[in-house]
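Undergrad: My structure is below; once you've seen it, I'll send some questions.
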């Protein structure tokens, strides 16, 4: 699965800090402010630099979503009523080991017009201990007939009763007599008939719509990870309960059906209905089961080994699937070769779903996508969109091996799926698009952003205990994905690329079609490398956080846990490793790269075996290959700043990005004076590469936002960064030309120039916006987001806002829609922003998948920050009813409050959480928000004067 909301934990973070603390005032005033804040922009907040690179966000299509926002199907308990009976093992969260499914015969019949479906499933089950009870997962879907139970001989066993134990989402079937172990015999058969609803959510089996030639059409598809297969059909919904499947779909003759496997046969049921039956699958986990009923067209490529690779897409968007088809073939062939293992199925399909809750889902043989992540129009989409499509396609292809062929034993090892896919996606795209510098871009999109998250006390280990569906959902986050990818990058560099590849191949071969744990992967890499992989890497996966290496005299190194909050207790929560790490330290001496293993047992630190002396410089952690930060002595930081100014190309672009990110993070943690960090930015007038500029924008956004309301200082800060970015902004200009990285760079630096009030940049954005409003100009694809944002910000009014909304409704390309959504959110008009928030409840206009994106976009607007947060508070019950507390995007939306910095705002956040204590999948985001706001308040107290003096001294 790809996380569509990655912008909440990757790339530039958004911060808007007030310069004046506000005392806590009475609840009456707070309540009034909460309500009034929706109508007027009471508190000026920051425009974010988020989106300067047109990064990961969400999209939609012209088709209205029919999904009702708040209504639920009527309660119908069927023949298995709810019960609170806790006399058996079904009271436990985990399924028992003695009941094992081996095969499912599943038939489903969607009734599109009624928004319902019916189905039946015959599950072949092995029982290894005597029992009268069988229990399996079921949620929201109901059993319509008393289950049928048969012995291996075929003899029917009378069923005494069935009931739902909703606390653990089980349906329990009680037999009249004992079921004996069937070792050596055939399986038991449990047959259940069921019915469910196709509306109300974007999980399980659901229907959504799109428009084709003015006609509204429907598509029904599934989305099951992590615990939603149980919503589609009764099943043993845990990843280690692998079984084979034979799936049949009964559908209207107007439709076609897809599933994991190729079609085995199609037959007519009557004049209206057809039945499509698919070949028996390989053993797979329930969350990978997928089926869809559609009227789409397709584009196909054939792999080097003859596997058909097909993209299914709305007929009117067929041309936008060409790039996806090409990149799929290239990366697919690369991974078959790299992993040394053929893809396991006879075909691989991909389908773009018009309204899809996540970014993409790796269902074996039928990968489902949000349209923004699969479809690319070279005449309408930006370079960032192209890169996003390539990356998501590669990510999901990795899963066909890591996740599908070998699956984690339990969700606590989710990173074995997602960390690996997040790492290997870069290798796949690097092979297909060789000039994109994808291995270096991993620093920008994964390593450095997640280091910020992992420096909070509210972080968690990569391998983490999970014991509820909400906890399972919550670990689909930056730690599992980006930190997982980052430590694999470090590990690959340590043991060498060749041995890492061999270890991966051995791991896949040994555990093919089975489940595995983190220790199994370490064992495979130890065998390949003959290095202590488990001893080293357990310190990175089994405790949260990471170290900062303090360097003394260029050779002597000690480690300490890095935390953004200098007041935090670095020994909490308890860790068996005491927050020390076994660290493969990479360093360069005379252009020679070396690796020294820093064992955590060396409590006094280590000394690098360097022959350099005097003022020589050892670059520790070149290209930020290790998941740690480096803090040099002040004199060394001064030397780095001087040498950047003299000849910045003496350092690689990745090193320049790393220096800047480390320095600003260390300064936030009060481990380095901000003067030293800011001195590193003096050379930027000469910087011409994407990696450093991307990271500069992220690093300085916190400071820019913090002082935005300081009428004395902010203009000085604004002018400084405007002067620094102007040479590269003017050099690149507003002509959308150049290679891929040049186009990404142009969008970034022009965005910063606009943010810093550069008159030339703003005038260009406004002029292009006005020309676009005439309807006679097609904007350059890589400048559209800038024009929509800053054109709307500078010259937007009701007329231009309405025109933009009309264009949003007219365009069919999802990536263009997401840019227009951002433009609509950038208007400096509280009445229009309030109207925009009201539209979020109209699912015919704003798709269910896009609601949280719009809220985030509005929160980036200085006029909308307070409005967006207040709207969430006032509409929380509506949002919970529409999405459920198990929705990870709902859980994360509270992070839009992270920029707050006053005691009053902190109190408001606490009060909101106390009013709605059930967090569901949002428990960690809530902890993160509270910690971040507390840190912001303290940060202002500790750093305002130092930063003020540095900027004022520039003019002194």
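Glycine is no exception: its Cβ is also placed from the backbone N, Cα and C atoms.
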Undergrad: What range among 22-42, 43-63 does Swiss-Prot describe as transmembrane segment?
TA: 22-42
Undergrad: Pick the one from 212, 225, 498 that Swiss-Prot also lists for the substrate site with 359, 360, 361, 362, 363, 888.
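TA: For substrate, Swiss-Prot names 359, 360, 361, 362, 363, 888; of 212, 225, 498, the listed one is 225.
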Undergrad: Looking at the Zn(2+) binding annotation from Swiss-Prot, with 395, 399 already listed, which candidate in 371, 380, 418 is the matching residue?
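TA: So, going by the record in Swiss-Prot, that would be 418.
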Undergrad: Name them in sequence order: residues not among 395, 399, 418 whose Cβ is within 8 Å of the mean position of the Cβ atoms defining the Zn(2+) site.
TA: 1, 2, 362, 396, 398, 402, 403, 417, 420, 421, 422, 425, 481
Undergrad: Whole-number Å distance between the CA of residue 797 (N-linked glycosylation site) and the CA of residue 359 (substrate binding site)?
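TA: With the alpha carbons as reference points, the distance is 33 Å.
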Undergrad: Measuring CB to CB from residue 569 (N-linked glycosylation site), give everything in the same chain under 8 Å that is also at least six residues away in sequence.
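TA: When sequence neighbours closer than 6 are ignored, residue 569 (N-linked glycosylation site) has nothing within Cβ distance under 8 Å.
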Undergrad: Between any two of 225, 359, 360, 361, 362, 363, 888, the residues recorded as binding substrate, what is the biggest Cα to Cα distance in Å?
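TA: Across 225, 359, 360, 361, 362, 363, 888, the two farthest Cα atoms sit 19 Å apart.
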Undergrad: Cα within 10 Å of residue 481 (site 'Transition state stabilizer') is the criterion; apply it to the binding-site residues 225, 361, 418 and give the hits in sequence order.
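TA: Within 10 Å of residue 481 (site 'Transition state stabilizer'): 418.
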Undergrad: Within 10 Å of the Cβ of residue 802 (N-linked glycosylation site), how many other Cβ atoms can be counted across all chains shown?
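TA: Step by step: centre on the Cβ of residue 802 (N-linked glycosylation site), count other Cβ atoms within 10 Å, giving 13.
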Undergrad: Which whole-number value in Å describes the distance between the Cα atoms of residue 361 (substrate binding site) and residue 399 (Zn(2+) binding site)?
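TA: Residue 361 (substrate binding site) and residue 399 (Zn(2+) binding site) have their Cα atoms 9 Å apart.
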Undergrad: Please list, in sequence order, the residues in the chain of residue 126 (N-linked glycosylation site) that are at least six apart in sequence and whose C-beta is under 8 Å away from its C-beta.
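TA: The list for residue 126 (N-linked glycosylation site) reads 99, 100, 101, 102, 182, 183, 187, 188, given in order along the sequence.
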